[in-house]
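**Student:** Dumping what TrEMBL says about this protein:
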- 20-39: transmembrane segment (TRANSMEM)
- 59-83: transmembrane segment (TRANSMEM)
- 79-205: domain 'Ferric oxidoreductase' (DOMAIN)
- 104-125: transmembrane segment (TRANSMEM)
- 153-178: transmembrane segment (TRANSMEM)
- 190-209: transmembrane segment (TRANSMEM)
- 314-362: domain 'FAD-binding 8' (DOMAIN)
Amino acid sequence: MALSWRSWLGNEGSKHLFLFFWLALNVWLFWKTFLLYYQGLQYYYLHQMLGLGLCVSRASASVLNFNCCLVLLPMCRVLLAFLRGSQKVASRKTRRLLDKSKTFHVTCGVTICIFSVLHVAAHLVNALNFSENYNEDFLALNAANYRGEVSQLYLMSILVPGLTGVIMVLVLFLMCTASTYAIRVSNYDIFWYTHNLFFVFYMLLMLHVSGGVLKYQTNLEEHPPGCFNPNKTLRQNMTVPKAFEEPFPDYTTEPFPEDLAVPEPFVQNNFMRICSEEPKFQSHFPETWFWISGPLCLYCVERLYRYIRSNKPVTVTSVISHPSNVLEVRMVKDGFKARPGQYVILHCPRVSALESHPFTLTM
């Protein structure tokens, strides 16, 4: 029993340790972003309008950015083959981890699907809250045109974010369904061509965050969230002749008179929070490109290198038929040396102009 436990730990321990580290990073990212939008002063008014839907949508977006960054790295086969077959990675456990790259790719893909559903559901709730919690005091913060607007589909398709989101969901659905084992075995080309839609998905992902629907407050010092604005209150309650109109002076924090009743949000520790101006809101600068631009460029460069390398001629030296319908094809290619984990994709134009099939290389 002890021997089998040590054997399992030596063979599979590093893989499970890596997965635990990856899972911990996902949980940390989700919780950190959730707390930022739940407790952050710059999101006070936005959170009051959208509630937990805001926190969940942004937290799930952070996890999506992280996994969209990682999902491409296991598919950089040339880089992995170089690391696996060179002395750059001397540890056998690390090389064994590199052999599990496809499993990690699938794990990241499943995570992207799960959190995409959560992200879409949270934004549907946000659209409903934008409609029901329309606030005339913060026109810049509203996505709806008026209170009770029933066209949630319109709200979700405001400019770029909603339209790109709908297309990304469709592309992701095609990629996931075509990645199932049954389709890959029965028709590998469907899997291959739909998976190449990843480039469309990533382009839409970078456009998706450029809409700027969700905004944060920029003037926290001049307008502490939930403060009392005497300038606005006096202007609303008093009619002043134009001849005597003068700007009201700026107010600073001071003790509030005890004989006046003030709503609870405006009083903390017997002091009233006074603001001198209205809140100002601004859209976030898109950060998705920071996550995915590096892995995407690396993968595109590798795909270009593989395309150039695939155009070099290959000489078939022999074709041997073995029992049980096994066909052995021996070939030679100048300047090529097979490494563990590599495979070739064979294409026979006389059989089919579209079909291609992967085969494992053996030495």
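A Cβ is built for glycine as well, from the same backbone N, Cα and C atoms used for every other residue.
On this model, are these features tucked inside or out on the surface, and what's nearby?
**Tutor:** Same-chain residues lying 6+ beyond the ends of the transmembrane segment (20-39) with a Cβ under 8 Å from its Cβ atoms: 46-47, 52, 54-56, 58-63, 66-67, 70, 104, 107, 111.
Within the same chain, residues 22, 25-26, 29-34, 37, 89, 98, 101-102, 104-105, 108-109, 111-112, 115-116, 118-119, 122, 198, 202, 205, 287-288, 291-292, 294-296, 298-299, 302, 305-306, 339-342 sit at least 6 positions outside the transmembrane segment (59-83) and bring their C-beta atoms closer than 8 Å to a C-beta of that stretch.
Within the model, the domain 'Ferric oxidoreductase' (79-205) carries an average pLDDT of 80.
When Cβ-Cβ distances below 8 Å are used as the criterion, the transmembrane segment (190-209) is approached by residues 68, 72, 160-161, 164-165, 167-168, 171-172, 174-175, 178-179, 183-184, 284, 286-289, 292, 296, 356 of the same chain, each at least six residues removed from its ends.
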**Student:** Going along the chain, which residues at least six beyond the ends of the transmembrane segment (104-125) come within the CB cut-off of under 8 Å?
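**Tutor:** Distant Cβ neighbours of the transmembrane segment (104-125) are 19, 22, 26, 50-54, 56-57, 60-61, 63-64, 67-68, 70-71, 74-75, 152, 156, 165, 168-169, 172, 175-176, 179.
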**Student:** Give the residue counts of the domain 'FAD-binding 8' (314-362) per reduced DSSP state, in the order helix, strand, coil.
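**Tutor:** Within the domain 'FAD-binding 8' (314-362) the tally stands at 0 helix, 23 strand, 26 coil.
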**Student:** Count up the helix, strand and coil residues in the domain 'Ferric oxidoreductase' (79-205) according to DSSP, in that order.
**Tutor:** 94 helix, 0 strand, 33 coil
